[in-house]
Structures are given as C-alpha cells and as structure tokens.
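Now, the feature entries from TrEMBL:
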TRANSMEM  6-35  transmembrane segment
TRANSMEM  71-90  transmembrane segment
TRANSMEM  102-124  transmembrane segment
TRANSMEM  145-176  transmembrane segment
TRANSMEM  191-208  transmembrane segment
TRANSMEM  215-235  transmembrane segment
TRANSMEM  241-259  transmembrane segment
Amino acid sequence: MDWSTGVAGLLVGTIVGITGVGGGALMTPILVLLFGISPQTAVGTDLLYASITKMFGTVVHHNHGTVDWGVVKRLALGSLPAAALTLVWMNLTQTHQIKSGFIITAVGIALMITALGMLGKDWLHAMGRKLRVGDVEKFKSAQPVLTVLAGAVLGVLVTLTSIGAGALGTVMLVYLYPLRLNASKLVGTDLAHAIPLALIAGLGHLSLGNVNYTLLLNLLAGSIPGILLGSVISTRAPMTLIRYAIALVLGAVSIKMLSL
C-alpha cells in the first residue's frame, strides 16, 4: 500500500463526511498536483473512489435520519440521464483522449465556480428562504423542475471533471430547500445523490480506460474510515468556518491549475 495516497484518502474522506464536499473538488487536484497522476486517470479514478466512499457515509446519515430521499430522487432524475448522455458524447467525440490541458482547464474552472458558490452559500440560503416564505405556492411548484435541472447540470459537470456533486450540489440545495433541509440533512442528502451519479460516471470512465485500480484501492483504504468518522462528527463541527476554509483552498488550487 502507498501510505501517502492512503493518508490523502483519509483526509479527504473525513472532510467529505463532515461537509459533503471534497470527493472530487479536493481529491482530483491532489492527485494531479501532488501525485502527478494524469488528469484523465485522476477524474476516472476519483469518480469510483467517491461513489464507494460516499456509500459508507450515506449509511451513517440514513441511520440518523438525515437523508431526504425525495430530494435525492428529484436530483437523480436529472443527473443520471445527463451523465449517461455526456459519456456517450465523450465516447463518440473521443473527448477522453484529448490533451490533458483541456481537462486541467475544465477542472480549474469547475473549482473556481465551486469556491465562489461555497462563499456565497449563506447569501443563496437567505435569498431562497425569502422567496420560499414570500410566495409559498409559486416556490414549491417550481422546486421539482428546478431540482431536476440542477441535477442535470451536476450530471454533466461531474462526468467531465469529477467535481460538483458535493460542493455545488449543497450550494444548489441550500437555495432550493432553505427550510426543508437543515445542515445535517443537506450533507446526508447530497452524499446519497452523489453515489449513483459518481458510480455511473465512474463506470463510464472505466470503460474508457481512465481508472487506476491500485490507486483506487489505496485511496479507499484511507477514505472509508475517514468518512465514517466525519459523518459521525458532522453535527458537531463548525460548518461555516470549515466551508470558508475549503472555499479558499479550492480558489487557490483553481488559480494554480489554470496557470499550468
């Protein structure tokens, strides 16, 4: 076992368990920048890593009643078809074989969008709450369609870059469900939705030859205990402070990747 990648898995797994963020947004840049993994392999391996890791975290959240399966279903109705169509497009256009620079740029842009979304999360929550309270029927009638559309956006982005299921997913949900989802349910619901999305996208990348099995096993050896620990302590963690810290890190990493 490569202990360095195992430690990386443990660190990211713990953060994912606490916040729902980091399966792609933190791990993919770590693999590319610190371990020198090719961007294509980093994305493909990370997707399977995230799907398996988040299964364990979801079990903990489900047992604590912090997964809203109705919202998960709505997201999946948009994300899973979008992921499948994106994989078909990648295969037909041979996008998976294009130069690494394209993927690095795409990941960098996704990271910057994610960082900005996390920094503006409180503002989005306040705006969503205001709309929800101000015009209840109109807001609730639009929720299902907007949630499916949000899922579709996540499906495309996650399949291309492995980033967004956790970080952007929580940002979207905090606006769409400002009253229905508290902090713990936000994390649990986001984790549950990420499983089928990352799994379908990951299996697609596997068929394209973009998965390193040894690396995957090393990451999982650290991430599984990490996400179990993080999921247990998620209700006690200083979420706002952690979110801002992660957003700043993602912003810095985004600038680094865009400068490569």
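Yeah, the Cβs are placed from backbone N, Cα and C, and that goes for glycine too.
Counted over residue pairs separated by six or more positions, the transmembrane segment (191-208) shares fewer than 3 Cβ pairs under 8 angstroms with the transmembrane segment (241-259), which leaves the two as not touching.
Long-range contacts of the transmembrane segment (71-90) within its own chain (CB-CB distance under 8 A, at least 6 residues past either end) are made by residues 96, 143-144, 147-156, 158-160, 169, 173, 177, 180-181, 189, 192-193, 196-197, 200-201, 204-205, 208.
As a quick check, the transmembrane segment (215-235) and the transmembrane segment (6-35) clear the bar of 3 or more Cβ pairs under 8 A, pairs 6 or more apart, so the two touch. Taking every listed stretch (6-35, 145-176, 241-259) in turn, the largest tally of C-beta pairs under 8 A with the transmembrane segment (102-124) is reached by 241-259.
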